[in-house]
Structure formats: structure tokens, C-alpha cells
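**Q** First, the structure itself, so that you have it in front of you.
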Number of protein chains: 2
Amino acid sequence: MFRTHNCGELRAANIGEQVTLSGWVQRSRDKGGMLWVDLRDRWGVTQLSFEEGKTASQILDKARELGREFVIQATGEVIQRESMNDKMPTGEVEIFVSDLTILNSSHIPPFKIEDETDGGEDLRMKYRYLDLRRNPVREKLQLRHKMMRAVRDYLDQKEFIEVETPVLIKSTPEGARDFVVPSRLNKGEFYALPQSPQTFKQLLMVSGFDRYFQIVKCFRDEDLRADRQPEFTQIDCEMAFIEQEDILNLFEGMTKYLFKNVKGVEIEDFQRMEYADAMRLYGSDKPDIRFGMEFVELNDVAKEKGFKVFDEAELVVGIRVPGCASYTRKQLDGLTNFVKTPQVGAKGLVYVKCNEDGSFKSSVDKFFTQEQLAEWAKKSEAQPGDLLLVLSGDTGKVRNQMNVLRLKMGDELGLRKPEEYKPLWVVNFPLLEWDEESKRFHAMHHPFTSPKAEDIPLLDTNPGDVRANAYDLVINGVEIGGGSIRIHDKSTQALMFKHLGFTEEEAKEQFGFLMEAFEYGAPPHGGIAFGFDRLCAMFGGTESIRDYIAFPKNTSGRDVMIDAPSAVDDVQLQDLGIIKIEE
Amino acid sequence: MFRTHNCGELRAANIGEQVTLSGWVQRSRDKGGMLWVDLRDRWGVTQLSFEEGKTASQILDKARELGREFVIQATGEVIQRESMNDKMPTGEVEIFVSDLTILNSSHIPPFKIEDETDGGEDLRMKYRYLDLRRNPVREKLQLRHKMMRAVRDYLDQKEFIEVETPVLIKSTPEGARDFVVPSRLNKGEFYALPQSPQTFKQLLMVSGFDRYFQIVKCFRDEDLRADRQPEFTQIDCEMAFIEQEDILNLFEGMTKYLFKNVKGVEIEDFQRMEYADAMRLYGSDKPDIRFGMEFVELNDVAKEKGFKVFDEAELVVGIRVPGCASYTRKQLDGLTNFVKTPQVGAKGLVYVKCNEDGSFKSSVDKFFTQEQLAEWAKKSEAQPGDLLLVLSGDTGKVRNQMNVLRLKMGDELGLRKPEEYKPLWVVNFPLLEWDEESKRFHAMHHPFTSPKAEDIPLLDTNPGDVRANAYDLVINGVEIGGGSIRIHDKSTQALMFKHLGFTEEEAKEQFGFLMEAFEYGAPPHGGIAFGFDRLCAMFGGTESIRDYIAFPKNTSGRDVMIDAPSAVDDVQLQDLGIIKIEE
């Protein structure tokens, strides 16, 4: 037997017991004839002690050989520690070692295996298996495990059935970002890896499974931005005989359950916001509502007063930054420089200081009177001491810019508190979005997303105004999940295809067997999918999803630890019916 | 709201309530002014009723339009049923419908959506989404869900952490059966899909995760026999600081837990059997021990008595078939023909009837006296009325043959009872097996499997006799899982590589980063993997794993429903740095 206890469980109550522990040498100190070794495993650290004269000399010699990260087994008596360490749960005791076995030696690790390490990102990725030894890294994956457990507990209670859908599926014409897999048994043909199990979950609804879920790997072969991974995990769900309201309630319940059971946090009922309001008030379909600073549209008070920049703009929009009228010239220049960076892309920034004495000081004093500025302040509900920041331009662009500025101001004022959680349902997304390149409408979500019944007449007149039964869950400005009620009847689907510019044949070719399945009694249904990596990162309080993936890939899609992808034997490729193109 | 209740829950206690149900039309009967419709969902079937004169005529007309598998919503009062149906849980009541909505129509399904269907295998696979509507098919996937839940519950209790390992990994030189995935971002290079997460789970042990598990998809691109799938699911587990005994106990516990919680069956402690004994007594490394009929080796009583066939054989081996001395000529000829089929491959069968009067009648009476046959009977512990069946030949071959015959006799006598479960640990597998083709030893399990410490000296003298710390879980003759204690120290690993004929460089090339990881303090560890599809089939009481996979592939690796694999655009392939070879 390698151990009687783990390294995190011995307490004063165990004093006098003979125990055996196994683990890794965290550090050792040799001083005045005493030797102490900190022994570490997943559960904690326990101190081992040895004493010249008391400890058998061959044991002591062996203990003196121990290097960092050696794997050892130690047997001895639990004794009271002379100087208690109240920072560690085992800090009252130590093991006075009577027997010691070195189970394995270790090279000196390329970086420190401690909570704070000296290893750079690249080195830690190459030696990911060593980085995973560090508590903060391992704990993130333990959190992930706990999240998976809680998701499954909740959905099982709600009678969802977890069904594994295939990983080797069919490549679709629009699947430009599909990973493909050549088939040996069907030479010249390819499987694709799923970007999501969308088709299969809808088929399961046709099959009467009624409530399906899966925590499932999905794949996308695209240029990786900082926080994307070619393989990622979704909580994928679909329900039959439900309406949007049912889905929002059920998954609001799940999210609250997770906060309660994983973080011990009670969350209030989620706010709901129309997509159009989110864009108007926050310039984003994923607003961070932990703080206000909603947009104030100033067209009626700021335009046609002789300031050309505003007069030529489609939208003049401001935010009220509370208590910042005292910003210095330098601070204001900093903000102006910030909005001019490519990240924001504005041409300039207008500010209005609402002074404590009731007067106003602005960067456009030349064009606006105190009375006119007072109107801005009134419209913005600004108080003496507040600062107004104003941008102008094309509606879409200026909203984007103001969104970035608002988030920056939230950060500067410490209003985006890490331990505060404000989930939000953004609902009624547009059904269609105009694609300038192809000069036609595309489905914003996917072609099976249903339009609001009352908006269907608009399809012919104002397709861009048709709202969909589509919703996103946003937490603290991060999109965590999204879904829709699907179209289940033929006539609506035909209408949809017509407006997407598909002929019946094209639709059949592209969505073939799903369309066929729908001919055999498809129930009303809808669903949602959560980005599980991102959800874990949200719960863990860090930004990067990579930290929550045991063996992540870098931004070039490489696993630098195992060195994948890599070359493959030409003979093997030939066997698959393919050859490499010579560059 | 689509429903107040599901189709399986209404009882006499609900009589008088107004309810709304949604589901599929199972069948309808129109007789003497009454119309009944059976409405089905995942939870059951409830009868709807309509009556001429009482039901509004437009509702009645609509009800008469309903075809099989139409999706409807019906509202009405729960009333007592005139003729109760005690075969269904809802059989006391029916809904007298006051409102009816047709949510979707349906084509006539290509086969009957009933427990017994008229659809052939191929048709049901093409319309898998309709086959999944049938109770027995859906229930198999619900069983699978329940099994997954129970596995996770048990392992979570035991402090295992579920960690998702990557799907896009590195192709290895010996990975001839790897599926490969071309990378767009790293043109000319390929990922491989994992045949198992073996490397990653061992790395997680190096990382100190201590107890890892995962229910995980694995992939193997090989010619598919009847019951193999290119993607399959494993329960994959690994533990640190454990010995073989710990693993056997822990996973015996898991298996019992599953039987208890999923099937309500208490299983006795598992038997254990040495691999060598399994081969000697059952001619198989996965014996079905629900019945006896162990092999009896008869060399000392059957050889050198002048029967050339036996004299030239390496092994003469028999089984005692209880109570079958009364077998007719025709029955015995049938058995002889059976052993001559390619499935068995024997040249002939010797029988000895142990008659009730104490005499013997055999097919080799010409060569053996009654006294000699009495010796066989004594050795076999045969009683009057028993039948001995004897085969002879090379040890390996004849054991294989007798194994098949024994199982057939078990079937014939009804000794392989479907509801009886006899799990068995087969332990101490050989470490190495001789490969006639390459004229060298191969690792039987994999090169990291540890030898029994006491057998290490045999590596130099009798490598084939070295036993490994390797074990299989066998239930009723089916291999359900297997694993081993791994080598964690360098010297043993070097010894192993030497005997496998690897130079140090070759070993490094082939097992590179894992070998490097082992330099940084690898703990003693071992693990096991269960074939989850097969385990589900075992629990479900059917043979085919395909029944337990929602969307399986056929024996050519095709998904005939979605028609995958399929052709991919040449432009897309070019983008991946590959082209198809023209045939």
C-alpha cells in the first residue's frame, strides 16, 4: 500500500498515529541537524521531519539526497509541530519519518512548481504536464469537473437525456471551416468533424427524445484569435413542445443552479433586454450591465447648432461618467488618444465637464452655449461633478466605438467588479442580416431559426426588421450561450428559404436529410448551446479559456507539448487516397 | 403552453381535470360514431376520445384527418375509460377532447413505429430518426444515459476528476489505424484522432491528478467486423500510487454499483483467474463462467494407446457434458459437423457416452477398452448419463476449438442464462507475445505495461513466460475492460525496450514526450479502460453495440442516414494542402 492518508488530511487529532504518505517533494530544509521535507499531492502538503541522532542514518542519508519533485513514500509517526503553520490545514502536525522510499527521481523542472511560477507562457505550454502540477492550474480543471457534474445533475433532474452524437459526420457545402477526415474504407471520400451537433439534436427532436443534452467537443478550422480553440466544448441542449419562455426559464434555472452549487452565489432573476435596446443603450449585443452609463442619444440637442462634425453625423451619442468632471487635461487627452486607437477607431472625442458650480466646460465650447450644454446634461441626467463623453458618426460604427469607451470607463472606475454577476437575456435578435458582399440577406443564426409570428408579414416589406425567436445569455459582457426556437412547419421553412434566396432544390441539396426528416412529423422545438470553456472561465474569474482546457492548442492551432499537427508518412496518405501538394 | 402533462402520467386520480397533451398519433379507430386516438410521447401513450354529436363537428373533422405520426396538441377533460386497459399505465383514463391543433402532418412512415416493426435493418438505419421513435430503441439510449450517470456518480464519490483530453492529437508511427486530419493553419501537416487517451492519462498522472477518468470517444480506422464501430466510447481511468489489487477492488466496486443502481441486481464478489488457468480450463482469455464444463486434459490417459490421432497430438482435451449420454446419432453427427465448420476448424470429434448402466460407448471403441474409457470418465468426474466430448491437436488450436464447442454446448443446454451475471477478473496476462512474422516479441498490452517484479529475471531466459501486471474484466464471456499497472521507473522501462528490440533512440522517437515527462517524477500508476458501448449492450441484454449508439455507422464505416463520408470540394482540399489521387 502506497499510503494510509493523503497529504492534505492529517490534523492534531491524528497525533500518535503511524501513517504512510506518498507524493512529490515540494522543498526541503536542512538546518542544525534537523531536516524538513514538504511533501505534496493533489490534496495538500504535509511536513516530514528527520533528526540527526534520532533518525536512522541510512534514512537520513536518503532524505538528504531528495531533490525537488522527487516522488517518495514516507512512513512515520504523526507528531505535534514545534512551530505551527496556520496557513496550511495540516500545519499543526508533521511526520517524524522512520521509513523512506524514493519511488522516482526527477530532473530539475524548467520552472518552479509553485503557485507563483517563474516560467513563461511558452515554456509552461511545452511542459504542460508540469504546469498542471501547480495548484492554481489544477484547480481550474477541478472547477471544470465540478461544473460538468452540476450541469448534468440539473439537466438529469429536468429529465434531459444525454445522447452522444457522432464525431465523424458529413461535410456540408457551407462547411468551409470544417475539419475533414479522409476515409480509408471509402477512398476519396471524407468525413467532417462537427462544428456543432445542430442537425443531430434537431433529428433527436423528430425522434421524440423531447429533452436532449450533451457536453460535447466541437471543431472549427479557422484562424485562431487570441481566445479561440480549434476544439472546444459545448453544453448542447434541445427541447420539444416548448416556447422561448420555457427555454429561458429552464436555462436561467440551470445558470442559477451552477452559481449556487459551484460558487455558492445566489443570483437574482435575470434581466431581459431586446436586441434593439441592447444596441441602442449599450452599442453591443452583449452588454455588461454590472454598471449603468447607458448611451444617451443627443441628435435633437446637439445637431443643427453649427458644429459640422455633429451635423454630418447619423448619430451623436454620449455617456455620463459619474464624478469625473475633475479629470485633468492629461486624463482627457488620454481618453481622446484611446478612442483614436485602431481598437476603437473614432476620429475624436467630445467631452463636457459638468462643474460643481453648475457651469460647463467642453471641448466644443466654441460651438455650443452654456444653455445648450445644459440641455445635454439634462438629457443625460448628469449631476454637477459628472463628465459627458460624446462620439458621433454612422450609427453602427459609433455605437461600436462608444461600447468600447463605455467598457474602458467601467474598468477605470472599478465598476466591473469581478465577484459581481449580472446575467442578462438578450432576446428578439434580427432574423436576417444583410450581406453587402453577396447583396442578399443571410440567416443571422441559422436557416432553421423561426421568425416572430407577428413579424412574418414584414418578410416581404422590411426583411431586415423581422425579429427571430432567438436569444443569447450574456454574463458580465460575455456571451455565454445562445439559441433559438426552430421552424418546424414546411410553409414557414419554404418562406424562409425563399427570402434567403434558395430554390427548393438548393435547399434540399444543402439541408437534405434534415428536410426529409421534417416530413415525418417534426414537433415544435428549440434549443440552446453554451460555450462550456467560456462558462468555466467566467466561473473561475479569468479571461482565457485556455486555462480551463487540460491540453490546449496555441494560436497557430499547435499543441507544442506533443508537437501536433505533424508530418504523416506518404504511404499512409496514399492508403487514404490523398497526396500532399508540393509547395 | 404546449402541454400540462406528458402522455405517460395521467391516472384515475386526474379524472375531472382539464388537461393539454402534445405528441404523435400512434393510431386511431373510428367506429360507431366514436373516434379514439392513441397519443404518444417519450413517457407513454394516452387515449384521446371524440364522439359524434358531443364533439364539435370541426374538431371531429380535424380528428378524422389525422394520420399516423401526425404531431398534435389536444385539450380536454380526463374521463374514466369505458373499457380499461391494464396493459398501459394510463389505461384507466382517456381525454375527451374539446380542442385539437394539428402541429405538424407526417408522411406515412416507411415502417411501423411500434415495438415490433416491419422495417428491415437497412431501412431502419436510413431512417434512424424514425427508428429512434420506437420504445425499445429509445429505451436502449435511455439505459446508456443512466449508465453514464451511474459511472460518473461512482467515480466522483471516489474523488476521480473527469478531464477532457484532446481529440486532435499527434499521429504516431505505429498509428497505422489512425484517422488523420489535415490542418489548414499548418499546411502539409496532420492531426490524428486518438485511438485512446493513453498518453494523456499517463501525463495526468505525472501531473499529480492522482485519479483521472473520462467517458470519451475514441477512433479506429480499421476494417469493421460485425460489431466494431470507427468511433466508440470508453470509460477511461487512471490512478497514481496504487497497486493492481487497488484497481481491481475499485472497479469491481464500480461494476457492482452499476448492476445495483441500473439493473437492481446484487452481484457477488468477482472470481479471479490467472490467464494461464483461463487458457487451460476454458481455452479462452474471456471465459464464460456462468457454467462449468471446464476442460479436462487427457494426455496421460488417452495417449500411447495406439490411437494415432491422439498419439500425434500435442494435447488431448475433453469436456464433460452433463446428462447428454442420451444424445442420438443425429445429434452427435451434428456436433461433429459443427466442429468441422470453419468457425471451429477441427478435423473431427471424439465422444464417449457414459451410459446409465456404467458401460461406455465411444466413437473410438476400436482403440480403447472399457477400462481405459473408465479412466477418462474418472478424470473428468463424469457420472453415468454424462457425455464426454474430446478434441486433440496443437495446444493453442485445440483449446480455441474446444472453447467454441464448450460455448455451443452451454447454449444448447440453456446454461448461459441471460439474466445471470458472473463477472471475472482475468489476471497476470503474459507481458510479451511472440510475433512469428517479425520474429520478435511484441508487448501484449503496450510497452508501458509493467512486468511482475518476481518474473523480471525471466526476461533474459524465458521472455514468453514473464507475466504482466495486466488484467481484464470479463462478464459472461465478453471482455468489458482491461488495463495494467504501468512502468514508472527508467531502469525497468529501458529493460522493456531492450527486450522489445528498440534502441534508446528509437524508443525516444516513438514515445518521445511521454518518456521526457517520465524524467520529472512520474509516480507509480496504473489504469483501466472499459468499452462503454459493449458494457451498455451487456446491461441491455443484447449483443450488438450498434443498438446502443444513437447514430451508428454500418460495417463499411458509412452513416447511411446522413450519407457520410462523402466527396469534398477540390478547392477545399487544396486549401488543406492535399489532393485526391485519381484512381
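Just so you know, glycine gets a Cβ as well, placed from its N, Cα and C.
Sharing the feature lines straight out of TrEMBL:
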BINDING   A:GLU174, A:ARG220, A:HIS445, A:ARG486  L-aspartate binding site
BINDING   A:ARG220, A:ASP221, A:GLU222, A:GLN229, A:GLU479, A:GLY531, A:PHE532, A:ASP533, A:ARG534  ATP binding site
DOMAIN    A:141-552  domain 'Aminoacyl-transfer RNA synthetases class-II family profile'
REGION    A:198-201  region 'Aspartate'
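Set these features in their place in the structure for me.
**A** Cβ-based neighbour count (10 Å, all protein chains) for A:ARG486 (L-aspartate binding site) stands at 26.
In the three-state DSSP reading, A:ARG534 (ATP binding site) counts as helix. Listed in sequence order, A:VAL478, A:GLU479, A:ILE480, A:ILE545 are the same-chain residues at least 6 apart in sequence whose CB falls under 8 Å from the CB of A:ARG534 (ATP binding site).
As a whole-number mean, the pLDDT of the domain 'Aminoacyl-transfer RNA synthetases class-II family profile' (A:141-552) in this prediction is 94.
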**Q** Would you mind checking how many other C-beta atoms are within 10 angstroms of the C-beta on A:GLU222 (ATP binding site)?
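**A** If we count other Cβ atoms within 10 Å of A:GLU222 (ATP binding site), we arrive at 13.
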**Q** Report, in whole Å, the straight Cα-to-Cα distance of A:GLU222 (ATP binding site) from A:ARG486 (L-aspartate binding site).
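**A** Here the two Cα atoms are 27 Å apart.
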**Q** How big is the gap, in Å, between the Cα of A:ARG220 (L-aspartate binding site) and that of A:PHE532 (ATP binding site), rounded to a whole number?
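**A** Counting only the Cα atoms, the answer is 15 Å.
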**Q** Counting by DSSP secondary structure, give me helix, strand and coil numbers for the region 'Aspartate' (A:198-201).
**A** 4 helix, 0 strand, 0 coil
**Q** Expressed to the nearest Å, what is the distance separating A:HIS445 (L-aspartate binding site) and A:GLU222 (ATP binding site) at their Cα atoms?
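**A** A:GLU222 (ATP binding site) has its Cα 18 Å from the Cα of A:HIS445 (L-aspartate binding site).
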**Q** Given the binding-site residues A:ARG220, A:HIS445, which one has the fewest other C-beta atoms within 10 angstroms of its C-beta?
**A** A:ARG220
**Q** Validating a neighbour-count step here. Other CB atoms within 10 A of the CB of A:PHE532 (ATP binding site): how many?
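**A** Summing over all protein chains shown, A:PHE532 (ATP binding site) has 26 other Cβ atoms within 10 Å.
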**Q** Hey, what's the widest CA-to-CA gap across A:ARG220, A:ASP221, A:GLU222, A:GLN229, A:GLU479, A:GLY531, A:PHE532, A:ASP533, A:ARG534, the ATP contacts in the record, in Å?
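**A** Those residues reach a largest Cα separation of 21 Å.
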**Q** What three-state secondary structure does DSSP assign to A:ARG486 (L-aspartate binding site)?
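**A** DSSP assigns A:ARG486 (L-aspartate binding site) to strand.
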